[in-house]
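Okay, structure first, notes after.
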Amino acid sequence: MQQLLFAIFTMVGGVLACVVYFFGTNWLLDKIFPSKGLTGPQASKNLRITNAIRPWLFMAPALFALGIYLVYPVFESVRLSLHDRSGQQFVGLSNFRWMLGDSEFRQSIFNNFLWLLVVPALSTFFGLVIAALTDRIWWGNIAKTLIFMPMAISFVGAAVIWKFVYDYRSEGSEQIGILNAIVVAMGGQPEAWMTIPFWNNFFLMVILIWIQTGFAMVILSAALRGIPEETIEAAVIDGANGFQIFFKIMVPQIWGTIAVVWTTITILVLKVFDIVLAMTNGQWQTQVLANLMFDWMFRGGGDFGRGASIAVVIMILVIPIMIWNIRNATREMER
Amino acid sequence: MAGLVLKDIRKSYGAVDVIHGIDLDIKQGEFIVFVGPSGCGKSTLLRMIAGLEQITGGDMLIDGERVNDVPPSKRGIAMVFQSYALYPHMTVYDNMAFGMRIAGESKEEIDRRVRAAADILQLTTYLDRLPKALSGGQRQRVAIGRAICRNPKVFLFDEPLSNLDAALRVATRIEIAKLNEQMADTTMIYVTHDQVEAMTLADRIVVLSAGRIEQVGAPLELYERPANLFVARFIGSPAMNVIPAKITSAGAATALELTGGRTVTVDIATAASEVGKAASFGVRPEDLQISTGDDFLFAGTVSIVEALGEVTLLYIEGLVPGEPIIAKIPGILDVKRGDTIRFTADRAKLHLFNAAGQSYRAL
């Protein structure tokens, strides 16, 4: 009860503080450089000054937060990656040299690559197909809502749900995991799915695909609706069948949006962490870069140097995709 | 006999009927224009011919073959849309070639037909461009080219000039007229709400209103002998002046008493039974002349003078409640607001409609 009260108090207090900040600074600015009541050059000069300062005043809290939590950590990570485990001694590139020889790091790179190939492709594909199909049926909106639902679940929550799906009980006992229950019902042997190397990666990917298909579907559905109806009618008159209309007329027209969805999911995949941590914690050869970084940074005493160097690698991998994504998105908006 | 026949064509959306039984016989090579106000069903009718809308009732025959359930691509039609409907991701060449590629034509045949169409429409230098790199007029020419490539029996135009500016509209209209001459065997059906397009392009105009045909006929026939008040007011700009009247004597010529008390005789025959009935007297603004003598149709006070140079429009208020009588007099006039003018007109150019709006000429 006390906790709840405290949480509510914090929320209300935070909002109030924001209001006070914006009103207060605004009021102060107008007091220091008044333009009302004054006439002539003094008024216009003050107006110019306040107009120059005001945007910065309003952006200051956001800039401050971004600086502390985003910009500063970037530089600090780069610095730490060049230092030893405690962050005191400069060691040059030796963390990165260690990385190249580390088998777990290689495993992570390989797994991340797998994730990168499979998850964005399948999420976008399913999203696109579902968006196209649900447009034509009366229960399309119900289907869409159901498919979008996982988006509202946190990655850890989703992982917990799927832990039950993949749950393993020894042979003979009752299977509470639906996958094993089905396998057993079909007359097969129960499997500990999470411990089957290589394939277990895909079982983990299914979770992210389950979540991200909803995202892809919503964006692509909007894009599909933006296609001018006449181009489709023209294609009908030209004699194209359903498949040809979909692949030759509709998909090319929303190619830009598909690229944005694809790259957005790609960036997300490069950062995938929660699902792996909650499901396997990188065991049975399912390690990924973000989880490996977390391991080195905060587990077993912590090695800030190696942890940070892995973070830098992830960042370098994300940057080019990010740039391409932003470019695509702006181009889409211009159209 | 090749052509297009509509027999009692009907369309309803659920319980709402939008097309109430259209009968129309279109000959091969004819240029037919559907006109009518917004929502009259002209576009729906065109889309039913194209096969983009289901036909609720009746028969549609192209070349004598019933096509109600034939898919659009097999009907031998091609359509030009108001919004051009070009495939934005394909070059001009690919836009025109798409239908033929789907149909599995040979590369040489596709190339020959695309180049022939591009040649007719002066698009040869633009074949490699994407639609977004073209002007509105060029885009519409590409859309027409795409239709030509289909080698259609029936060419459908859905308000193709509406998205163009005034100058381009005139130029493209003339191109369509030329195209019609070059493709003399191809039937063309053209939907528009612009009566200039209708009058200049059509062999026959079909005037539609609320899902029914009001009149079918050659442009000047509709202008000179409108079958009813709707057509009379729809064709011609400004619209025909209509003055409520009462028939005072019938015969080979009919005498009327207009609202306001003037007596007028028109050269239209009516039966003796019509005497005493209410009627509508019509005269086109451009048929009115200023009279100097005592022989005039009616007189009125000018409320607005619009001098356009080639013509002068005079608005006379007060004769018919709520609606001005408009006179379109050639040249520049020395008339001011407040002047009282007497108008006369050639007796052969007067119109008379009964209480139901039907022309006595057509009865």
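Here the Cβ of each residue, glycine as well, is placed from N, Cα and C on the backbone.
A TrEMBL annotation is a machine prediction, not a hand-curated record.
Sequence-remote contacts of a segment are chain residues at least 6 beyond its ends whose Cβ falls under 8 Å from one of its Cβ atoms, and for the transmembrane segment (A:6-29) they are 50, 53-54, 57-58, 61. What TrEMBL lists as transmembrane segment is A:6-29 (among others).
Feature annotation from TrEMBL assigns transmembrane segment to A:56-75 (among others). Packing against the transmembrane segment (A:56-75) from elsewhere in the chain are residues 18, 21-22, 25-26, 29, 315: each is 6 or more residues past its ends and has a CB under 8 Å from a CB in it.
Annotated domain 'ABC transmembrane type-1' per TrEMBL: A:109-325, in sequence order.
Marked as transmembrane segment by TrEMBL: A:113-134 (among others).
Look at TrEMBL and you will find A:146-165 (among others) tagged as transmembrane segment.
Marked as transmembrane segment by TrEMBL: A:202-224 (among others). Sequence-distant contacts of the transmembrane segment (A:202-224) (same chain, six or more residues past either end, CB-CB distance under 8 Å): 114-115, 118-119, 122-124, 126-128, 130-132, 134-135, 144, 147-151, 153, 155, 158-159, 162, 166, 193-194, 250, 254, 257-258, 260-261, 264-265, 268-269, 272, 275-276, 279-280, 286.
The feature transmembrane segment is assigned by TrEMBL to A:245-270 (among others). With a cut-off of 8 Å between Cβ atoms, the residues of this chain six or more beyond the transmembrane segment (A:245-270) that come close are 112, 115-116, 119-121, 123-124, 127-128, 132, 208, 212, 215-216, 219-220, 223-224, 226-227, 231-232, 235-236, 289-290, 314, 317-318, 321-322, 324-325, 328-329, 331-332, 335.
Taken from TrEMBL, the feature transmembrane segment applies to A:304-326 (among others). Listed as Cβ neighbours of the transmembrane segment (A:304-326) (distance under 8 Å, sequence separation of 6 or more from its ends, same chain) are residues 74, 76-87, 91, 95-96, 98-99, 105, 112, 259-260, 263-264, 266-267, 270-271, 289-290, 292-298.
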